[in-house]
Amino acid sequence: MKLFIILGALNAMMAVGTGAFGAHGLQGKISDHYLSVWEKATTYQMYHGLALLIIGVISGTTSINVNWAGWLIFAGIIFFSGSLYILVLTQIKVLGTITPIGGVLFIIGWIMLIIATFKFAG
């Protein structure tokens, strides 16, 4: 599905941008702890952006579970990385409670991809 390729490319691109912003724009302006949180958000966004690219490539040849995997991983990026970015910029700690929702969405997305693989392989 072209949409997942676009979403994957956009997320990978944004991860490069947020990584550069963290390294050059935030360093020295926030604590090392928050800089580490920012880096984790960037890393997970990149990994899962690449996953969306792969899902986009294979989604036309497999089951609906691949599409579910893509949407769950995309939502995971928003909840996980998005909440961490906002947490770092605002330092509103309650936003950290949203982050695990993104982690769970990532995990379910990966499980759906595994299920799709078994269904496709027969």
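Along the chain as shown, residues are numbered 1 onward.
In case you wondered, yes, glycine gets a Cβ from its N, Cα and C as well.
Keep in mind that what you see is a predicted model, and the values were worked out from it rather than measured.
The annotation transmembrane segment is assigned in Swiss-Prot to 3-23, 46-66, 69-89, 98-118 on the grounds of sequence analysis.
Tertiary proximity for the transmembrane segment (69-89) is limited to same-chain residues at least six positions away from its ends with a CB under 8 Å from its CB atoms, namely 1, 4, 7, 11, 18, 26, 30, 34-35, 37-38, 40-42, 44-45, 48-49, 51-52, 55-56, 59, 95-96, 98-99, 101-106, 108-110, 112-113, 116. Tertiary proximity for the transmembrane segment (3-23) is limited to same-chain residues at least six positions away from its ends with a CB under 8 Å from its CB atoms, namely 35, 38-39, 41-43, 45-46, 48-57, 59, 70, 74, 77, 85.
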